[in-house]
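**Q** Next up is a structure, given as structure tokens.
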């Protein structure tokens, strides 16, 4: 008997721990307890979870919002723990209570979990348990329950009988006409979702009037949500119905007195365009797009400016160029000189994308002058957005035309008196180099990159060294050996010690991408030479450099050249030089102990060569004979 009592006590222990922790004054303990609900439910078993745990949770919904949020989240995944879908109705009471609390995030999570649980009900159980819950929420005294109800219609509607469907449509109409703006806002946000599950005839007869009413609401927060519903409804209706049921409301929203509603129209404009089709776009949406491009509010102009490329790309191909040239480009031209920098920046991020649509002649005649204006804009973001998208224009008009028209403006920016402008151009140089190609870069831009290494601002010199590494990754180590390393090594003999230090910084970066061979033959001798520099700052940077490039050197080179130099620096009269030399000696020794087999680091090939090799492998995959040869070569390499 005593043994039996002990077994019962042990089985009750988990629920006792839960109750104790839920009543604890420490919020974190209560939160941890809620997060362990699934473990406790497993310990209790399905029947006791239904009969004891769930009622207990339902009665104790009065806690901190953080705890309630965790509880709402947990209950959404509880169906299997209460015995499966046939017992899912036990989860509805606590979730219904959570759906009525004041805190929005808790209500939203409770509705999300209710949707999951409702989907797991059978059609019969849905009508018996979930639909009455929805109706109770709809008729709740507080707006909180009515806002939560809006999220349940779309999950219930497809699986209930026709009379219940009619009742649900009536309830949704009631919420759309609710006296509380928060409820109407919730109804507007779920209107598009509900429209997707309602039959087409009831969409026209019941939901379209609701949509029109919400789009004319006196609260702009409700009207802007109706714009989102407009996209969903337009996708569901035939073209002729869109024209007379949706378009009048859309036109009204595009010229709404509230800028927030117009902003939402601008944000959703391309989605609307895809929903209504090319003919309605040409007749109705193009004028609306023009109206938004010259909107009084900068936020609206910026939002619609980002849609210029996508809107033009989705125009009817037969009339695309004509519509862009006559109806869009004149308004775009005005935005190029817009007083608001955000508008100009938004336009600059997409305007280059018009080039492929308009072709070479129109790009040169009409777009290039706009690009030049933007490249000289006082706002750095505008200039950089143009530079970062030059490849679009390059593909259309060719490198020669591009260099004649835009390169002078880029060079002017690269030599700008404001160092932040120069810094921004440096950051975009690797991307620009990749777009323009190696030959063009060597002719026109390599001198600029080398000049930045001698800039009087440290941030520019630092960025220029990183730029060198990225350029080698783009063009390959062989290009670096011929084009830039000789020019960098010359800096080691400059009278200004800052330039000699910049040389060391460059060698640090280049060792990572040039491989063991180039590092040993070209970079290391210069580093060792600077170990005798008269300036202590240069000498201790030599110690740091030797430590950084040591992973790319052979162990014999380290023993014969690096270690003696570091030992010499470790005996230097300057305290800082000795410190960094001893650090380097210790780090290299530790590294050599770990690296039992030091591997020769291959040089970077460059993006062009890597792409070519990849294409070759795709076109002609290696045969088994080639595989054997590769294995043989690999074995020889290891030996």
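Don't overthink the numbers, they just go from 1 along the chain as shown.
Backbone N, Cα and C define each Cβ position, glycine as well.
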**Q** In TrEMBL, which of 596-617, 618-639 is labelled region 'Disordered'?
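**A** Residues 618-639 are the ones TrEMBL records as region 'Disordered'.
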**Q** What parts of the chain pack near the repeat 'HEAT' (246-282), using Cβ distances under 8 Å and only residues at least 6 beyond its ends?
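**A** Same-chain contacts beyond the flanks: 208, 211-212, 215-216, 220-221, 223-228, 230-231, 233-235, 237, 239, 288-289, 291-292, 295-297, 299-300, 303-304, 307, 310-311, 314-316, 319, 323.
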**Q** By a Cβ-Cβ criterion of under 8 Å, what residues six or more beyond either terminus of the repeat 'HEAT' (367-405) are in contact with it?
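**A** Tertiary neighbours of the repeat 'HEAT' (367-405) are 332-333, 336-337, 341, 344-345, 347-349, 351-356, 358-360, 412-413, 420-421, 424-425, 428, 431-432, 435-437, 440, 444.
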**Q** With DSSP, how much of the repeat 'HEAT' (168-206) is helix, how much strand and how much coil, in residues?
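**A** The repeat 'HEAT' (168-206) comes out at 31 helix, 0 strand, 8 coil.
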